[in-house]
């Protein structure tokens, strides 16, 4: 088997483009949701980068960022599912590069408890990206011949669930909200809902083509992504409250010491 499935991918794209949709809006409305999602997620990434520079910490877990940027490279430039999607993926990739830079700048502060990681973070990121790129290319070459364009959904949405739960774990393990913000969450959450609406629309109006997104696995990915975003908000409130209590305690002790 070849490591690339370019011919099979081209055939899958032709099949999608040449298959008449049951309703005129089945392709255009989801494209609108995709564009909205792309803009919101880009804003979220930009806010993450700004917060990383400001707080000298970061919100996006490293393994998620490595998975994200390499996925965007694979489906933005190797297996493109259409111009609009490719533009969105390329846009995310550019912002991810800025986010990587912000993370590297914050490394001495974010990883001060582990100088070894701080000193070698650039190398860790490079190795992580190489492994993730290999993973995405291997998955594409293996599954495109059998499921075609479905591979985009089947690989993108698990990463969304992973990002949410990893961000929750990050908040709890750090015990603070440095690098995180409500603006990051709102734009990310609304972007995820817009992307989910894209598939809800397709599932309802074109189940013959997009029914795979409402299989038990598809339901887990779509509902799990939205649900875990809600859990993140609750955890953020909890950690923020603890932060305020600790700050208040420190201030009280400082006043007594005077």
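Keep in mind that glycine also has a Cβ here, set from the backbone N, Cα and C atoms.
Here Swiss-Prot flags 29-49 (among others) as transmembrane segment, drawing on sequence analysis. For the transmembrane segment (29-49), the list of distant contacts is 58-60, 84-85, 87-88, 91-92, 95-96, 98-99, 101-102, 179, 181, 183-184, 187-188, 190-192, 194-195, 197-199, 201-202: same-chain residues at least six beyond its ends, Cβ to Cβ under 8 Å.
If you look up Swiss-Prot, you'll see 58-78 (among others) marked as transmembrane segment. Same-chain residues lying 6 or more positions outside the transmembrane segment (58-78) and placing a CB less than 8 Å from one of its CB atoms are 4, 6, 45, 48, 51-52, 85-86, 89-90, 92-93, 96-97, 99-100, 102-103, 106, 110, 124-125, 128-129, 131-133, 135-137, 140, 152, 155-156, 159, 162-163, 166-167, 169-170, 179-181, 184.
Remote same-chain partners of the transmembrane segment (83-103), defined as residues 6 or more beyond its termini with a Cβ less than 8 Å from a stretch Cβ, comprise 31, 34-35, 37-38, 41-42, 45-46, 48-50, 52-53, 58, 60, 62, 65, 68-69, 72-73, 75-77, 110, 121, 125, 152. What Swiss-Prot lists as transmembrane segment is 83-103 (among others), and the listing cites sequence analysis.
The feature transmembrane segment is assigned by Swiss-Prot to 124-144 (among others), with sequence analysis given as support.
Annotation source Swiss-Prot lists transmembrane segment at 151-171 (among others).
Marked as transmembrane segment by Swiss-Prot: 181-201 (among others).
Below 8 angstroms of C-beta separation, residues 153, 157-158, 160-161, 164-165, 167-168, 171-172, 174-177, 180, 182, 185, 188-189, 192-193, 196, 199-200, 213-214 of the same chain, each at least six residues beyond the ends of the transmembrane segment (220-240), sit close to that stretch. Residues annotated as transmembrane segment in Swiss-Prot: 220-240 (among others).
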Determine which residues of the chain contact the transmembrane segment (124-144) at the Cβ level, with the cut-off under 8 Å and only residues 6 or more beyond its ends counted. 1-5, 8-9, 12, 62-63, 65-67, 69-71, 73-75, 78-79, 100, 103-104, 117, 151, 154-155
